[in-house]
Each structure stands twice: as C-alpha cells, then as structure tokens.
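Participant: Next up is a structure, given as structure tokens.
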Amino acid sequence: MSIKPIEYRDGILRMIDQRLLPTEETWLEYTDYREVAEAIRSMVVRGAPAIGVAAAFGAAFGARDIEAENFEAFYPEFEKVCALLAATRPTAVNLFWALDRMKHFARANAAYPPADLKTGLLFEAMAIADEDDRLNRTMGRHGQALIPEQARVLTHCNAGALATGGYGTALGVIRAAVAAGKKVAVYADETRPFLQGSRLTAWELQKDKIPVTLICDNMAGYLMSKGEIDCVIVGADRIAANGDVANKIGTYTVAVLAKEHGLPFYVAAPLSTIDLSIPDGSHIPIEERDRREVTHSGERQLAPEGIEVRNPAFDVTPARLVTAIITEKGVVQGDYQSGLQALFGKGR
Ligand code: MRU
C-alpha cells in the first residue's frame, strides 16, 4: 500500500505537507478554495497529477460557497474560482485539465439547481482522484513489461504516489515491476534545488521497502559510464503533440546522458498530462521559482549576497531522446505525433 497524499472526508481535504518530508509527517486540512490554491503555489502538494486532484477539490469547495439562484448567476462565479486555482503554477497541464473537466461538468449539468450541481462537482473531484490512482496501476502494468528481470533504474524528481492520486507514474511502473517479481534497484537523483528526489522519492520507496540509493544530480553520468544503470524512468508535467516532454529541471540533462550511454529513457504519464493543443515543447510555459530555493538550504545561505540567480523549475526533453512514453492506454514508441493522437480514441 503506497501513500495517498490527498484524502477527502466529510467536507475536509487533508494533504500531507510535502515541504516537511522526510523528517515530519504533518497533514494539513482544507475547506477553502483560496487555501487550496495557496497549498498548490507553495508546494504543500506538488507533482502534476496531484495538483490536478487538489485543484478539482478546490473548485468544488469554491462552488459550494457560491450563493446563486440559478446557473446563469452561478457559472461566472465558478469560472472566477477556477481562474484563481489555475493561476497557481503554469507548467503542469494536469492542473488546467482538471479545472476544464470541472467546468465542463458544470456546463453539462446546467439544468440542475445550483445545490445539486455543487454536490455533483464534489463527486466529480472525487472521481478525478480515484481515477488517477486506478489509471496509475494500469500504467504500471503496461510499463513494467519494459523493465528487465534485474534492473538498476535511475529516476529524477518524484513521480511517485506523492505526486499523484496514489501509486505514482514513474514509480508506479517500478512498483508494478517489483510486484511482478522483478529485482529492481532504484537510483534517486536528489533533484536540486527543491530536493524532491532526496526528500520524497527516497522517503516513499524506503517506506515501501523498494531498494533505493540516493545520488546527487551530478553523479548520474559517472554511474552510467561505469555500467551501473540499466534504464531511466521519469514522469512528466506536460507532453506536447510531437512527444517533447516537460519535466523537472535536470531531466533533459539525464536524457542526454542516457543517449550517450545507449540507455533507454522512459517517460510515464497519464493522458491528462498530454497536451495535443501545442505542437511541440517550445510552447510549454516554464515556471521560474524564487531565487531563494537556489541560494539557501532552509535558513542556511549557500551563495554570496546579491548573486545573480536563475531558477527554471522545468526543462523540455526533445522527443528524439525519449525511448517510449508509457500511459494508461498503452506504450507509445517511434512516431509520437500519430501515436499520442491515437491514444485519445482508444478504449481501455
Ligand atoms: O515542481 P514539482 O515537484 O511539482 O515537479 C514535479 C515533477 O516534475 C514530476 O516529475 C512530474 O510532475 C510528474 S509527477 C507524476
């Protein structure tokens, strides 16, 4: 049983504060959509599918607080709630996907009285959360077929249970490989500057007793050159129509290294991460975060006062460096343009 970072019960959303892991397991409670938005912005909750799930509950909470007699009065207010939630983080498309799904649900049920619509929106948020957990398990089964019987797998950032409604994408594939009896050992990049690898991936794999070794980001090339890594698997925040992949900063570097060493580089992501509306990765907005993430570690200053800093939180790996994209509808290889498009017409 892997952790579920987001739980809803009796009108309250509970989220584990991922900023405090691995040393403190603190659960925060939410009932107000503005606080949910702040939790996304400040990374209490993070990871593309997880912020989609949190935003869906935020939208349902915002809807609940709207006082309106009919749909015409309700919907413009609901759009404002969704806009506030959408303005939290720009790169992961799952956030916008989830909010679009909530707005679509509202429009499709416009004939119902607002009170019923509000209940329906809460159920829709619960459905988004449950589906994400379930589809990650299906994705894991598809992806684990690519993992050798004995494998040393490098991952970057955290694309685990903590980043999703449960089970994980990249780590879901690893969990499924372990469940299939394969002998998998994971190398976790620490993932500077926010340290999702050392704080989160190392924590959740250790908790699930999956062998994991922590390395600094700049050690991956050395280990590959020594033949100590068999493949790479990462998650994604947004995948363009041509297969270009935005993921945590440093992913591109790992992909180039994998290419140099002839290692497969896999991306695991649900369809809600695929953005067919953009032709390639150059259209993906890349979030720039606070300079303090780079200059400080907690309270400790690591750089001279006043130094120029860049802190792009994501990069784009060109499709040509990606060996396969693993989704809940199957694995796409080769021609991503038509392969990704085809997934959207496919049944389970
Ligand atoms: O800034 P974060 O922690 O939200 O970034 C997360 C990542 O880049 C993950 O790899 C990605 O969202 C995939 S999570 C299944």
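Keep in mind that glycine also has a Cβ here, set from the backbone N, Cα and C atoms.
TrEMBL entries are annotated by machine, without manual review.
According to TrEMBL, the protein has these features:
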- ASP237: active site, proton donor (ACT_SITE)
- ARG46, GLY47, ALA48, ARG89, GLN196, ASN247, LYS248: substrate binding site (BINDING)
- CYS157: site 'Transition state stabilizer' (SITE)
Participant: Quick check: in three-state DSSP terms, what is LYS248 (substrate binding site)?
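Facilitator: The residue in question, LYS248 (substrate binding site), is strand (DSSP, three-state).
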Participant: Take the C-alpha atoms of the residue listed as 'active site, proton donor' and GLN196 (substrate binding site) and report the distance between them in angstrom, rounded.
Facilitator: 14
Participant: Anything from the recorded positions GLY47, ARG89, CYS157, LYS248 with its Cβ under 6 A from ligand 1? List those in sequence order.
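Facilitator: Near the molecule: GLY47, CYS157, LYS248.
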Participant: Relative to the Cβ of CYS157 (site 'Transition state stabilizer'), which residues of the same chain, six or more apart in sequence, are found under 8 Å away?
Facilitator: ASP189, THR191, GLN196, GLY197, THR201, VAL234, GLY235, ASN247, LYS248, GLY250, THR251
Participant: In the same chain, which residues outside the set ARG46, GLY47, ALA48, ARG89, GLN196, ASN247, LYS248 have their CB within 8 A of the centroid of the CB atoms that define the substrate site?
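Facilitator: These residues sit around the substrate site: ILE51, ALA92, CYS157, ASN158, ALA159, ALA163, GLY235, ASP237, ALA313, PHE314.
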Participant: Ranking the binding-site residues ARG46, ARG89, LYS248 by other Cβ atoms within 10 Å, which is at the bottom?
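Facilitator: Relative to the other binding-site residues in ARG46, ARG89, LYS248, ARG89 has the fewest Cβ atoms within 10 Å.
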Participant: Taking the Cβ of ASN247 (substrate binding site) as centre, how many other Cβ atoms lie within 10 Å?
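Facilitator: Step by step: centre on the Cβ of ASN247 (substrate binding site), count other Cβ atoms within 10 Å, giving 29.
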Participant: Taking DSSP three-state, what's GLN196 (substrate binding site) in: helix, strand or coil?
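Facilitator: Reduced to three states, the DSSP call for GLN196 (substrate binding site) is helix.
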